[in-house]
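Peer 1: Structure in structure tokens, see below.
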Amino acid sequence: MRVLGIETSCDETGIAVYDDKLGLLSHALYSQVKLHADYGGVVPELASRDHVRKIVPLIRQALKNADTKIADLDGIAYTKGPGLIGALLVGACVGRSLAFAWNKPAIGVHHMEGHLLAPMLEEDAPEFPFVALLVSGGHSMLVKVDGIGLYEVLGESVDDAAGEAFDKTAKLMGLDYPGGPRLAKLAATGVPAGYQFPRPMTDRPGLDFSFSGLKTFTANTIAAEPDDEQTRANIARAFEEAVVDTLAIKCRRALKLTGYNRLVIAGGVSANTRLRATLAEVMTSIGGKVYYPRGEFCTDNGAMIAYAGLQRLKAGQREDLAVKGQPRWPLDTLPPLF
């Protein structure tokens, strides 16, 4: 089976072609970072309009690079949610329209299921079951995964997600958009300076996350300290360590609760070097293994949507012709594949 994947949930237009026998044949991505940089964050209306401009040329490019004709496709997968509703509808409209015009089955894919399954695109792919840490700009969650669609959300963010906390803290430090990667780069030049940053919600039972208080603590620290480059780097390091430690503590708890020894980390924050190193140490200490996608598939992309959609189309799942987007969509409501 060969599937065209379309991702437009936020500010990246991602298109890919995936074949269940040959693997990933092509993927094309357009990032809107420069478009939104002047505003310090994603402007939903601008994001939607840019998807409209870029999506068709990218589809043509992906099909050409995959040496794939319309007749070679067996289905179309597009991101149905969660995400920005205007951006979602661009991908949904194009995906459903092409499916109708080409007489192909189509399916709307859950964006976070795409991230969760992104490590399956690698040669060293995890086997079920495992615990997944999904960390992005909009989500932070721990999920018990026993198969595709067999998900139990063990904990999630009650306010700011980890990626959102990175971006907001970067803005407090005067760093340009996108702030998360820039903060991590600044933190790499920092040194331990005795800051006592909290590890939110680790002093109580449970697996939920909260990062809004940590952001406020950082803001107060910035205001009280000298405004020089090294001090900012030291604060950035302390903040990053606090976020990573918090995620690691919660992962240990989730692994102990489930008894699993495989951990998947995915989503934009999974590209963070300190997070990867820390979780690798955690898994080594318990005789387990950590899995994550390559850097280009940590952020939003069409490859993960094509892969996830192919699994569901191959299992016989189909949707009607209605164009639908779901800005909010609980992961654990997805039907399982047996």
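From the backbone N, Cα and C atoms, a Cβ is placed for every residue, glycine too.
Per Swiss-Prot, Fe cation binding site is recorded for H111, H115, D300, and the stated evidence type is sequence analysis. According to Swiss-Prot, the feature substrate binding site maps to L134, V135, S136, G137, G138, D167, G180, N272.
Could you place these features in context, so I can see how deep they sit and what lies close by?
Peer 2: Listed in sequence order, the residues of the same chain lying 6 or more apart from H111 (Fe cation binding site) and placing their CB within less than 8 Å of its CB are E7, S9, T79, G81, P82, G83, D300, I305.
Taking a C-beta cut-off of under 8 Å and a sequence gap of six or more, S136 (substrate binding site) has these contacts in its own chain: M112, H115, A161, A162, G163, G267, G268, V269.
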Peer 1: Using the residues the record lists for substrate (L134, V135, S136, G137, G138, D167, G180, N272), what whole-number Å value is the largest Cα to Cα distance?
Peer 2: 17
Peer 1: Over all shown protein chains, what is the count of other CB atoms within 10 A of the CB belonging to N272 (substrate binding site)?
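Peer 2: Within a 10 Å radius of the Cβ of N272 (substrate binding site) lie 26 other Cβ atoms.
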Peer 1: By a simple count, how many Cβ atoms lie within 10 Å of the Cβ of V135 (substrate binding site), its own Cβ left out?
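Peer 2: If we count other Cβ atoms within 10 Å of V135 (substrate binding site), we arrive at 28.
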Peer 1: Let me know how many other Cβ atoms fall within 10 Å of the Cβ of G180 (substrate binding site).
Peer 2: 25
Peer 1: Sequence gap of 6 or more, Cβ distance under 8 Å: name the residues on the same chain that satisfy this around L134 (substrate binding site), in order along the sequence.
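Peer 2: In sequence order, the residues whose Cβ lies under 8 Å from that of L134 (substrate binding site) (at least 6 apart) are M112, H115, L116, S140, M141, L142, V143, I265, A266, G267.
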Peer 1: Among the binding-site residues listed here, G137, G138, whose Cβ has the fewest other Cβ atoms inside 10 Å?
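Peer 2: Comparing Cβ neighbour counts within 10 Å for the binding-site residues G137, G138 gives G138.
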